[in-house]
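Peer 1: Sharing a structure, written as structure tokens. Questions coming.
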Amino acid sequence: MSNAVTELNKTQTKERNWLKYLWEQYSVLFALIVLIIFASILSEHFLSITNITNVLRQVSIVGILSLGMTFVIILGGIDLSVGSVLAMSGTVVMASQVTYSTSIPVSIVLGLMCGLIIGLINGLMVTYGKITAFIATLAMMTIARSIALFYADAGAISGLNSTYAKIGNAYVFGIPIPVIIFVIMVFLSYIVLEKTVYGRHVYAVGGNAQAARLSAISVFRVTIISYMICGFTAAVGSIIETSRLNSISTSTSGNMYELDAIAAVIIGGASLSGGRGRILGTLFGVLILGVLSNTMNLLNISPYLQGVVKGLIIVAAVLLQKRD
Amino acid sequence: MLLQLNNLTKSYFGVTVLDHVNFDLKQGEVHAILGQNGAGKSTLVKLISGVEEPDNGEIYLDGNLVRIPSTLEAQRLGISTIYQETALVPNMTIAENIFLGREPKLFGLFTHYSKMKREAKKILKQLGYSFHPTTLVRDLSISEQQTVAIAKAISRQCRIMIMDEPTASLTEQECDRLFRMIETFKSEGVGIIYITHRLKEVQGICDRVTILRDGQHVITREAKGFNEKEIITYIVGKELSHYFPPVPIEVGEELMRVVGLGKRNQFTDIDFTLHEGEILGFAGLADSGGSELANALFGRVRTDEGSIYWRNEKVEFRSPRQAIHHRFGLVDRDRAKAGMFSDMPVSRNLTISGLRRLNKWQFINEQKEQSKALDAVLQLDIKMIDPEQEIKFLSGGNQQKVMFGRWLVADSDLYILNEPTCGIDIGAKSELYVVIHELVQEGKGMIVISSDLSELIGLCTRILVMHEGRIVDQILHEFATEERILSAASGLQS
């Protein structure tokens, strides 16, 4: 008898209207589709393969940063340092290649380590230090940028090994490598956030930290790992950024990336108060921002005006998602 | 007669919480209102102070029929209320708090700070305190804040003062000072409505006593010569225990032994044992240490002394996580703050503590998770649309069942229930009692901390009564009466 009821409930769950499910979970996907339709009507070039590849490559760096940001925002925190971490990790990568002549893989590992360590420090400041995430990562933002600037005297470090530039510029089966990295990162983030115990704990801590503590969750560990993931994605972003030009500009690389990443996560449906957000939502948020700026470029709208549209989109996204 | 209430009736969602209650207050009188939780005391206060309006009945002030539709109107009529939790702004000064919203004005435009400070100082002095009026309220102790709240009430030149458990957070010395203040008000002709759980205070300062039970007026009489035993009998009334499942009498092996557990200022010398299949109740007044003990057992706070043995092994928990690994489960009194993940679906709320046990590695086996969640839903009869529905849309009783179910999924052996039926209706309560009963029959141990005496008597194999952080009485089920528990909890010798 009880088994029969269980079966009944299971089928009911499965037979739920999947369209309705999509609308509830990813209403931002519909916004993206509408935007794409408009874009393709307004500009004949939009739907060309070259243009779409272009859009994807342009969003890949901020997109990867947004994935890490999603973890931190669902946790109820924020990471303002990702743009600067990108610059600092990039400096580590380029400097180790140029000044210390390390091999490319070693320099990449060092860059990724740099991101992880800064994430660890951010996490420790938030947990042990009990500093508000906003303040802690604001401090880290200026520190990381300053270290990069000091090392290169505010200039650029250019690489000597042209193989490294392939990461950012080469194609595999006609797809740019940055896009492939982005897709892999989306897949990995999705698995970690939605299919693992750790991911579930991120939602729990962001939703109600006190209840999480009373449910056998180590709030401390979950928080630190999340900030480390965020630092790691910033470092992955820096690999692409530096290899694109085989150079890092310590004064301009990564500027404002943190704000674009936060915007993408929020458009994707996450809530800054924590406990809500999806990886695919963030992906769609990233694409909306990318398609938007691409369309405006195609239509020759002044780049100075694009900020207005971006701002309006953010406000509209938040208003639309405020359904309960 | 200063204030007279005739046949006040109030109901919420079809449940009558005040049923034709009469009450009156004379000038210069302290009139106590007594009753158990849910007897209707706070509703009555709400009606007088304008927070709510009665469904039926009349309120007369000085013999004139009045309506009190808002707290503002209540203040205009000279009715001031001092709530249990003081409503003060922590980042403002004492003077600013006292005159909040009624600041004296300079040229009708600017706040007249010097006048405000002067006045505040005068009132505080009147109360026998010498705080500087520019001290920030957040720098004051709880009892000092209470004083500021009283000062705020006085500054309004009130004629009727309502005090809702004003001594709950005061030391003895501060209580004395408060009682002296009350004497002053009385001599000035202010009528005071005094709500308390502490029966000792009734004799000391009150002139008359009104007792409410289940929303009905039981008795009003002179406080003089009304002894505490008698008062308790009136508060309790006759017993109601028909909706409880049978109390477990046969118990199994020892699960837990607590020896000399203590934490400064919260509880001392706690000794007890708990067996498989036993429901152990903790009774006590609001600040008697029961909640703090529950938190300490669960590793939420560290203890200063004593030890806990779990299945004859000494355990020491530094976090709830360790307690949960030993198969403890806690249902907190405040499920919104310390229990629910309100944005998460019911199923995930159920499985959150059991994920590590259900899945060997980090990857979640969703099929297994779903089926565990559904088992709990069926066993507890949680009513919802589907397990993916967010928990915030469930009724309070069903949310509470999810809180129980979490430990079912985590396969806990010990359930620590802190006010498990707080804020849920009678029907859901009975269902939860049945759940508790079923779990106990499987050999689980239960610790129930509750301020609902009939619940403890109806459920528990044994009841330990706490008073000021100590266990003062141990009562087996067959000897448990509300009178005995209440007198022990009030610190009377039985």
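Cβ coordinates are placed from backbone N, Cα and C, and glycine is handled just like the others.
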Peer 1: Among the residue ranges A:259-278, A:279-298, I'd like the one that TrEMBL describes as transmembrane segment.
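Peer 2: My reading of TrEMBL: the transmembrane segment range is A:279-298.
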Peer 1: In the same chain, who gets a Cβ under 8 Å from the transmembrane segment (A:279-298) while lying at least 6 residues past its ends?
Peer 2: 25-26, 28-29, 31-32, 35-36, 38-39, 42-43, 45-46, 51, 54-56, 58-59, 62-63, 66-67, 69-70, 186, 189-190, 193-194, 260, 263-270, 305-306, 309-310, 313, 317
Peer 1: For the transmembrane segment (A:98-121), give me same-chain residues lying six or more residues beyond its boundaries with a C-beta closer than 8 angstroms to one of its C-beta atoms, as numbers and ranges.
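Peer 2: Sequence-remote neighbours of the transmembrane segment (A:98-121) are 81, 85, 88-90, 92, 140, 144, 157-161, 163-164, 224, 227-236, 238-239.
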Peer 1: In the same chain, who gets a Cβ under 8 Å from the transmembrane segment (A:133-151) while lying at least 6 residues past its ends?
Peer 2: 72, 76-81, 83-85, 87-88, 90-91, 95, 118, 121-122, 125-126, 248, 250-251, 258
